[in-house]
Amino acid sequence: MLRHARIGSLDLETGGHLPDVSLAYEAWGTLNEDATNAVLVAHALTGSTHVARGSSEEDGWWDALVGPGKTVDTDRFFVVAVNMLGGCYGSTGPSSLDAQGRPWGSRFPFVTIRDSVRAEARLADLLGIQAWHTVLGGSLGGARALEWAVTEPGRVNRCAVIACTAASSAEQIAFGQAQLDAIRLDPDFNGGDYYNGRAPVAGLGLARRIAHITYRSEAELEYRFGRQPQAQEEPLGSVLPGARGRYAVESYLDHQGRKLAGRFDANSYLLLTEALMSHDVARGRGTVRQALADVDAEFFIAAVDSDRLYLPQQSSDLAAALPRTTDVHMISAPIGHDGFLTDVEQIGVPLRERFFGEP
Ligand SMILES: CC(=O)SCCNC(=O)CCNC(=O)[C@H](O)C(C)(C)COP(=O)(O)OP(=O)(O)OC[C@H]1O[C@@H](n2cnc3c(N)ncnc32)[C@H](O)[C@@H]1OP(=O)(O)O
Ligand SMILES: N[C@@H](CCO)C(=O)O
């Protein structure tokens with residue numbers, strides 16, 4: 001069940017101000033008396049709070065990892081998932097109404113991952129959680145988990161950073177920028193103030209296509225689609241370069257773009273993408289090693305071996321910068337970056353052994 005917590009006003013890292021912030025979250029299990037069993041799960045770029053299914057609800061995106069009897073056992077742990085500040089799954093974001101009842105749109109301020117951590121720390125206060133047993137997440141969720149451990153040392157006992165880096169790389173920023181422009185160049189974007197008109201679904205769909213290619217490996221796309229034409233459409237090849245049907249991979253990406261545009265707000269997509277582009281755990285803290293020097297948390301770092309967006313080497317660099325020796329657990333999956341969602345059971349055993357064994 002989606003719940004909402006009013007956390008008050010928030011001054012943001014780059015100077016913006018939000019007068020009245022509400023965070024949407026879901027929770028599973030029961031907080032124990034000394035509040036030592038709380039686990040925070042951070043979603044990725046387009047994920048929601050719906051990590052795991054409840055009694056009779058729809059599937060969660062990490063059902064394989066979180067639930068009764070699972071590694072993150074909701075019979076033993078109090079699990080919380082928060083929609084990131086600026087998102088579109090219930091928390092205050094660009095599509096929310098301001099005090100005058102107008103959507104924030106283009107006036108919504110720049111939000112960094114550190115801002116989202118500070119907001120979530122207020123939620124933790126309201127929930128009576130002084131320190132998380134574990135904070136974990138993949139991709140943007142990994143950046144959020146890492147920032148939690150550094151921004152709030154002492155409030156994170158264990159931290160799992162999956163398929164994520166210490167800082168967004170030039171290439172990650174470059175792919176992000178192409179996605180931002182795809183949205184901003186959609187005539188329906190209207191500078192971000194489109195809530196009373198048509199939404200920029202074409203731009204958002206194109207952004208998702210660009211992103212989705214980076215989330216999958218070359219080998220997966222080749223294996224699944226090759227040069228196949230999309231079934232039941234005009235044949236390819238003989239009719240080129242005139243009217244033609246689509247390659248199957250084009251049809252697949254069109255589907256992915258349409259699907260995302262049907263469930264996500266373009267301004268939130270921009271905001272969260274920019275937040276991720278700004279991710280740099282060392283910003284204002286010296287080197288990465290210096291930034292991590294005082295973290296108290298025990299770390300679990302994982303990467304996907306076929307990830308061409310968040311390279312395994314970057315996870316190794318992050319692990320090497322931690323004060324305590326930490327291996328990188330490798331998820332072996334041909335799919336690419338999305339392997340942290342599709343093959344998550346591969347981190348279940350090591351996470352159970354390291355973090356979630358019997359209390
Ligand atoms: C409220 C909410 O929805 S919360 C948000 C849920 N999502 C998240 O949390 C984000 C994380 N999840 C994801 O990114 C994805 O769901 C993943 C990575 C876990 C799985 O990716 P998917 O896109 O589902 O898997 P996959 O790559 O196999 O694509 C399957 C889809 O492509 C479609 N497809 C496959 N081949 C083709 C083709 N040639 N032409 C058109 N469509 C195609 C399938 O029909 C299927 O469609 P469906 O998703 O509408 O059922
Ligand atoms: N496919 C995931 C991965 C992003 O890292 C998402 O859309 O959130």
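The chain as shown is numbered from 1 upward.
Keep in mind that glycine also has a Cβ here, set from the backbone N, Cα and C atoms.
Note that the structure is predicted; figures quoted are calculated from it, not measured.
The feature domain 'AB hydrolase-1' is assigned by TrEMBL to 37-341.
Sequence annotations record features per position, and here TrEMBL assigns active site, nucleophile to SER139. SER139 (active site, nucleophile) falls outside any helix or strand according to DSSP and counts as coil.
In the shown protein chains, 23 other C-beta atoms lie within 10 A of the C-beta of ASP338 (substrate binding site). Annotated substrate binding site per TrEMBL: ARG208, ASP338, in sequence order.
Residues or ranges marked as active site by TrEMBL: ASP307 (among others). Reduced to three states, the DSSP call for ASP307 (active site) is coil. Using a 10 Å radius centred on the Cβ of ASP307 (active site) and all shown protein chains, the other Cβ atoms total 25.
Residues annotated as active site in TrEMBL: HIS337 (among others). The Cβ of HIS337 (active site) has 26 other Cβ atoms within 10 Å, all protein chains considered.
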- Out of SER139, ARG208, the listed recorded positions, fewest other Cβ atoms within 10 Å surround the Cβ of ARG208
- Note on the structure: Taken over the domain 'AB hydrolase-1' (37-341), the predicted model's pLDDT averages 95
- Message: Quick check for the class: what is the C-alpha distance, in angstrom and rounded, between SER139 (active site, nucleophile) and ARG208 (substrate binding site)?
- Response: 15
